[in-house]
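Below: one structure, written as structure tokens.
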Amino acid sequence: MTEVKTGRVVDDAPVNDAPENNAAEATSPARHDAIPEEARQRAAQLRADLERHNRLYYELDTPEISDAEYDALYRELVGLETRWPALRDEASPTQRVGGEVLEGLEKQAHTLRMYSLDNAFSRDEWGAFIQRMYNALPDAPSAFWCDPKMDGLALEVIYENGVFTSALTRGNGEVGEVVTAAMRTVRNLPLALRGDDVPRRIEVRGEVVIAKADFEQLNARQSAAGGKLFANPRNAAAGSVRQLDTTVTAGRPLQFLAYGVGQVVLEGGTAPWTTHSGLMARLREWGFDTPPEGRLCASPDEVWAYYEALGARRESLAIEIDGVVAKLDDTEAQEALGFTARAPRWALALKFPAMQARTRLDDIRVQVGRTGVLTPVAILEPVRVGGVEVSRATLHNEDEIRAKGLMLGDMVLVQRAGDVIPEVVRPLVEERTGDERPFVFPENCPECDSPVVRPQGEVAHRCVNVMCPAVRRQSIIHFVSKAGLDVRGVGERWVQQLVDGGHVTSPVGLFLLTKLDLMRFERMGPTSAANFVTALDAARTGATLVRLICALGIRHVGEQTARTLAANFTDLDALREADAETLQQLPDIGPEVAGSIRSFFANEGNLELLERLRAIGLWPKRQDAPPASEGADAIVLPLQGLKVLFTGSLTRVGRTEAEDMARAAGANIASSVTKSLDLLVVGGKPGSKLEKARKLGIRVMEEADFFAMLASGVASVDASEAVAEETPPSQEAAGAEDAPSQGAAHVRTASDETGSASGDDSRGAAAENDPARPARGGAMSTAEGEDVPRGRAEQLKLF
């Protein structure tokens, strides 16, 4: 297959999304120092924390920390991985785009990955980015196209022959949620493109936003109707697009602003633009609105001047923005620079400093979490910060209060950076009147009056009473939450009401509730009560070992560690018997985590809870595993230790479910095709990952064969052995013919398509003959030593 770089035919060079091939990063000297255990544990904790906050922000729209706090965690992890490169792995948040796709809406793979952007917060960091760019491409042009960085929901709208056909949220960058019906109601989205020169197929990428004035009116209507108020325009936009009832979406003041394209299929010829500014002009001609204030800057210095000027008047703009996106204007230079594992090397987000406001610190209240940690919360005189009313802010711990020198009654500086939870920056000492009072951290729990302790080496104070009402309440809420057992339809407010009323004293109590029990509560009718009971019963019978371990709330055990434990122990009995030495032999489990697990199982109250869970049938074993041998804690799994990657559109289950099944069989999930990959599982239209795997001689297995292998419990692949049955050469060639290289956006001419078109979304018999799918010559196929045949379709990579 040939690629077109801004109209010139060159040798095919698929996007290489493996981090080790990052040309810009390759200039950094390798570090081989021994990794201290503290650094290893801190990196593991940072990865778990960042993944959790990614999910809260991108998927659930309920962030718990500010952008500035997230950036600080992210940069700390980058620093550790830079200092000790062996800490970096493919699952690190620094190597990925985003988080996982929510259930509830249909999922669909993006034809081409929707990448994230790297960030800069200072002129020095902008200069460092420019230097890296010129190191990688010395003759790179100096002009950049600049847009405001909008604070909305990123998605992709797709047009066939000029007519709107579908829309996908960005999701995790590779798979998004189908929101076609909702986007059809967005008034400024063209349902048909203008002009005669529209592409045969085009994927337009942009942001769904709500203007500030429209947001105020929306919240006023919500308030008048007694509905829930939105925290900010981004949450309102994201929630509106994800509505299953499109009449609700139609009533929301949404706008779609286009900033780029994915795949483009032309009737003939080459792309009608050679610059990003030219692309933006063409998008406007086709009928799209584009971000306001977009501008072509002739040099990096001009970009910085644009950034400063826009930042000075951001409050006067009609939409919420939190920075500037600068993209190298020349598309041929973009193509030459390519991508890292998570972001383009030719674009950068220049973030604005957080928005700030003055207000009074009226009080500091202490809350108790599920692990007994006491967290101080600032109670503020309500103030608007960046268009959102702020009345509370977390202070994290006593040390932060002391370090900032806060006193009750202080005038303080508060900031937020586009998310819900703000930060108290500092007290305005110069405005003190003498009436301010020092805050004294409580010596007793505010919920149960038990003594509070601060363990040596920790910043947190803890309530040591295991029967503390707050600890019990938060533990039960966590047990059924998305971070725990993930019980759909059982809301936090109902659980809190049941616990506070004394009707439920442990997680087990929830599963013993009957429909009649629930109908005694106000606003809990027969249907709601039945749904509540059904949801809990479904969670009880369908729980996986991973989710149960997460639900138990063992300190230092997040979802990734829970997956590791579930992959190595048959059930909680086996895990309970494991000693600290056995646990520390597992990936990412050090002395602290192992000690926490052992402490959990040494607690009599926890053991009693486990027996009660067993009694109600909530006792899952490791998925697809035979019982462990007598006296053995861990078992050998079909895919134990193998690196597995999924690509293409899966038909049996979603990508997340497939990855969970592979993990349960002992596999490690990879994020890209590298030499260390053991197995690539392909669905429909697998694209560039399949082509790259063939070039590297990596084993390839079709979706149906993979699930058949899991069902049998016997692995058909071993990284140390040759493939048992290779596909006959004739079938291999037929299966590989015209497989599209989809590393980034590309343009094809319609006249070059033969057989089953790669743009065809049909299934069934058509999918069987899809030339982008591998042949069915056996359970596995490989093309070691063979070059994948090139098609004649032309490609152009665009952001």
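In case you wondered, yes, glycine gets a Cβ from its N, Cα and C as well.
Here's what Swiss-Prot has on this protein:
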{"type": "COMPBIAS", "residues": "1-11", "note": "compositional bias 'Basic and acidic residues'"}
{"type": "REGION", "residues": "1-35", "note": "region 'Disordered'"}
{"type": "BINDING", "residues": "Asp67, Ala68, Glu69, Tyr70, Asp71, Ser116, Leu117, Asp147, Arg170, Glu207, Lys327, Lys351", "note": "NAD(+) binding site"}
{"type": "ACT_SITE", "residues": "Lys149", "note": "active site, N6-AMP-lysine intermediate"}
{"type": "BINDING", "residues": "Cys445, Cys448, Cys463, Cys468", "note": "Zn(2+) binding site"}
{"type": "DOMAIN", "residues": "634-723", "note": "domain 'BRCT'"}
{"type": "REGION", "residues": "720-799", "note": "region 'Disordered'"}
{"type": "COMPBIAS", "residues": "755-767", "note": "compositional bias 'Low complexity'"}
{"type": "COMPBIAS", "residues": "787-799", "note": "compositional bias 'Basic and acidic residues'"}
Whole-number mean pLDDT, the domain 'BRCT' (634-723), equals 75
Rounded distance in angstrom between the Cα atoms of Cys445 (Zn(2+) binding site) and the residue listed as 'active site, N6-AMP-lysine intermediate': 44
Where Cys445 (Zn(2+) binding site) falls in three-state DSSP terms: coil
Setting Cys445, Cys448, Cys463, Cys468 aside, what same-chain residues sit with their Cβ within 8 Å of the center of the Cβ atoms that define the Zn(2+) site, listed in sequence order? Val368, Gly372, Asn444, Pro446, Glu447, Asp449, Ser450, Val452, Val464, Asn465, Pro469, Ala470, Val471
Position of peak Cβ density within 10 Å, selected from the binding-site residues Asp67, Asp71: Asp67
Around Cys463 (Zn(2+) binding site), which of the listed recorded positions (Asp67, Asp71, Lys149, Lys327) come within 10 Å, judging by Cα atoms? none
Among Asp67, Leu117, Lys149, Lys327, i.e. the recorded positions, the one with its Cα nearest that of Cys448 (Zn(2+) binding site) is Asp67
At the level of the C-alpha atoms, what whole-angstrom distance separates Lys149 (active site, N6-AMP-lysine intermediate) and Leu117 (NAD(+) binding site)? 11
According to DSSP, which of helix, strand or coil covers Leu117 (NAD(+) binding site)? coil
